């Protein structure tokens, strides 16, 4: 930028006397020219005389120039012309001030909108501003100059009166870019402090142009002029560093969301319960807005944004929830675990208690037997007295033999095998103690003459088969005798009928049509006029023999409608453990005890293992039942679980009970179970209160006999085919056991 000089030539206005007093206003300073600014001019309150301002340090503007400054520059010789220059300076400063205010308002609004962004500061071109700031017309006359001075003084006074109201403590940063001919101006920083000058003594605006600030004391210019103070010119020069730019405070980061669980992890916006940005989830369980996760997966990212598990658009599930809150269930889970632990300990204690009761019962019976033997021996000794040594030795041998026989183990020995059917298809059997007759279901031996199925009668006295009795047209699935001495046989078959057959006449005396295949049947021990039929759909029909038309009641299953594989009646008993009477219904999914009271039935679901149940048999005297399970996921072998039936009074009532059961002993068999077999639980032939359990094992084609007290395997009765049914018998004070296969019956005797 070209450097311009400001020269004031007033040779005609000053005389030789005044010209000798004027000092040079331009002094060379290196390669720069220093321009001394005059002090501010003020008016006195008492008179209209013009006064120069007090002697104060002022700024000195150093103008760079590519050319060397002249050695001597003509200084202004008239103080009025110096006053004119100062007034011109103030006028231009006021104009600059108004433009600065407009720029400041614009900058302030822009800064509010772009708060937090980076600021770029730039200064105006100092040299261009200064060249226009200090230009004075050299050909200007004195009279017009004085008139213009008065006009500018008024303007200056009005502008200075407005300065305090417009002053601000903020620092305004102006950015301008000026282009000159063939060269570009440097960008400097300009700070304009509007509140620097007090209202009483207005001073020109302070310009900081990143250059040298000069302070000096002015010498007297003229003693003849009527001014109260002398005009001082700056003589002392000192340097000042650049004032640093006032930086804006950094933008504070926005506070995080108070509840980050309500925002989408992709766009960080709250999800909604309706619309496009509604709450959605992936298979991994992470939550997003629907549109966000849809765009995410469409963009080629086939993974969850949070866990990087594989995901696709079909995995997006819209959740219909107003809000999500994690429920603290730690206390609930802790209580559940403690409850399960308590229940397991209770079951263990019940099992130990039941085993102890069985052992006490066995030991009590054994003790009673020993006492009876001791009494018999004492009687023998009293009758024969102290005989010879031979008699004594024989007595000792008798005692030892009695003790050994009482403590020795008895077992079943094979007695006879009886062929029932050449073609097979035998299924179930039952024993009538009053007639000493064992009946076995079989297909008709003469299918052309007598089609269908019936029973074959076996005499338990001579172990011979007598004759075949036809009953049903399809396979027989259940046989049961009444406790009355009438010889009535109840049979259930797949031909949708339940029939009563008299063994005295070998004829069917009553037929009931059930409408569905019948899988099992039993008699009511408390009232022999009622019989039960278990259907394929899980229902149990109750028939009254005095009503020959229809069933009197239907017991509808509470759960799944699985076939009734077993029916057993539990008679009432004067027992504290289980005094209730009713029918025990066993299905493929579990068991239910229907308590009978005043010809009304109340169901009690027993807590058995879900699924896999093939048979349930009852031992009515000890209130134990045997539940057979086929192999499953948890066990790969056939299990027989002996359960003890229990009951608790409800609300201190004398007649209302809650019936249940718990396991006492478990017996393990082979790993094969393809047929629905029937097992047996009965009292030991020793009459000592011991309960024996006998179950068929398809893997070894045998019947396994266990002791229920300690769970030990007592005996293994071998067979040629899988054992389908087991029936204990009492014949002439002898205990026998019959096992049935598809073709024959094997008889074992307890010895």
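Keep in mind that glycine also has a Cβ here, set from the backbone N, Cα and C atoms.
The region 'Disordered' annotation in Swiss-Prot covers 1-33, 97-188. Here Swiss-Prot flags 20-30, 121-142 as compositional bias 'Polar residues'. What Swiss-Prot records for 99-114 is compositional bias 'Basic residues'. Per Swiss-Prot, the feature compositional bias 'Acidic residues' maps to 167-188. Residues or ranges marked as zinc finger in Swiss-Prot (evidence: sequence analysis): 264-308. What Swiss-Prot lists as repeat 'WD 1' is 471-511. Per Swiss-Prot, the feature repeat 'WD 2' maps to 513-553; the stated evidence is sequence analysis. The repeat 'WD 3' annotation in Swiss-Prot covers 559-604.
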Across the repeat 'WD 3' (559-604), average pLDDT on the 0 to 100 scale:
89
What DSSP reports for the repeat 'WD 2' (513-553) is 0 helix, 19 strand, 22 coil
Counting each residue once, how many in the repeat 'WD 1' (471-511) are helix, strand and coil under DSSP?
0 helix, 25 strand, 16 coil
DSSP puts the residues of the zinc finger (264-308) at 9 helix, 10 strand, 26 coil
For the repeat 'WD 3' (559-604), the number of residues DSSP places in helix, strand and coil
0 helix, 25 strand, 21 coil
